[in-house]
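Asker: Please find one structure pasted underneath; my questions will follow.
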């Protein structure tokens, strides 16, 4: 996943910071889905979407709506994820079929109740509202990288992982667009319920019976999302713990079930705690920051991977690359900052920042030869596509509120304290003990698509090293 890729290209420190945000992303994502599960369960029971939460007026508003049902759901998911990967996969397969049927029902039935007048005010909050919504929408793209965490349990990862990632993202993006169109055609935008939108929308158009179908399908789908997230996040934590950046106790695999029980339980306990206390809006904003930050780092690492190889890239090319990357990052941050602080839609600053981004990207493309080309599969249009990804991710970060950045900063400080006092020393000692430098060639061969179990270097297998 992202952690392994960043560790190879940008080093342990950047990989660790990304890993902390990946784990935060999974915890928050799971908590948010668990709270949504409660809302749809309430509508299925013919209640308002927030009837099953407990309001404690003595607590801060953002943390006063306690959700015990979300905790129970997370605990059940934990048991399923611990028992069997194969069993979880079978459950997901069946649940996914049901979920696809429900999605098709929503789209077809929803279009029969469509009212084009609801689209008369297509962008009620203007361009700024579109980008703010886009920043929050990254909430929806958390689970895709979980596919890569299953590489060790896939027969042909070099072929299957790319198909799983690209295929699932294309299908899901199309489904999201269709569902959004249907929802806004069924009900005027201001009347859409933020907790259980489709159930309430069907009731509003006179199809009260359909809300039960939608709610049941949504519960099934969210249960699948929670289970996939539980499986993926446990394997992320296991992989990080293998480097000793986190306690190696978390990397232990149970001999009977073949699953990382300790990692699964720890992650889902954290998810249950967050789900019990935290409001959905806070979770969405904080999750989007982590997701955008990780996407930004991976795009940066991709450019480094293609244009820099230690010992082969000349000093001149290295200096040009570093200069261009600084200009890309600096111009993107300047664009996002101006967008975030300016109330009007003045465009003067963009005339300066955007050409800098363009020229810096062109500088990499024109003046630096690619040092490494993909052998199995690779991203096209490098460096333009990853550079654009960097710019867009940073720009969307500028659309998120300041309070979420404060929470993100607190979490980052906690990560740094742990890393410098514990993780740094433990990972260094482990690397020295296992002779990690001696198995570098083995890791390189793994990156090129060979099986982990078959790759050895200097007499040390990668399985033993892990």
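Placement of Cβ uses the backbone N, Cα and C atoms for every residue, glycine included.
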Asker: TrEMBL tags one of 163-189, 433-459 as transmembrane segment - which one?
Answerer: 163-189
Asker: Would you kindly list the residues that approach the transmembrane segment (289-308) from elsewhere in its chain, counting only those six or more residues past its ends and only Cβ-Cβ distances under 8 Å?
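Answerer: Same-chain residues near the transmembrane segment (289-308) but 6 or more away: 2, 5-6, 8-10, 14, 18, 21-22, 24-25, 28, 135, 138-139, 141-142, 145, 317-318, 321, 325, 329, 364, 368-373, 379, 382-383, 386-387, 389-390, 393-394, 396-397, 400, 404-405, 408.
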Asker: Which residues, given as numbers and ranges, are at least 6 beyond the ends of the transmembrane segment (163-189) yet have a Cβ under 8 Å from it?
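Answerer: Apart from its flanks, the transmembrane segment (163-189) reaches 103, 106-107, 110-111, 113-116, 118-119, 121, 124, 140-141, 144-145, 147-148, 197-198, 200-202, 204-205.
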Asker: According to DSSP, how is the domain 'Cationic amino acid transporter C-terminal' (377-427) divided among helix, strand and coil residues?
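Answerer: DSSP composition of the domain 'Cationic amino acid transporter C-terminal' (377-427): 40 helix, 0 strand, 11 coil.
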Asker: Do any residues, 6 or more residues outside the transmembrane segment (66-84), come within under 8 Å Cβ-to-Cβ of it, and if so which ones?
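Answerer: Counting only partners 6 or more residues beyond its ends, the transmembrane segment (66-84) has Cβ contacts under 8 Å with 30-31, 34-35, 37-38, 41, 52-56, 91, 223, 226-227, 230-231, 234, 254, 257-259, 261, 264-265, 268, 271-272, 275-277.
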Asker: Mind pulling out the one from 91-111, 258-277, 320-341, 347-369, 381-402 with the most Cβ pairs under 8 angstroms to the transmembrane segment (209-237)?
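Answerer: Of the candidates 91-111, 258-277, 320-341, 347-369, 381-402, 91-111 scores highest.
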Asker: Given pairs 6 or more apart, does the transmembrane segment (320-341) have at least three Cβ pairs under 8 Å with the transmembrane segment (91-111)?
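Answerer: With fewer than 3 qualifying Cβ pairs, these stretches do not touch.
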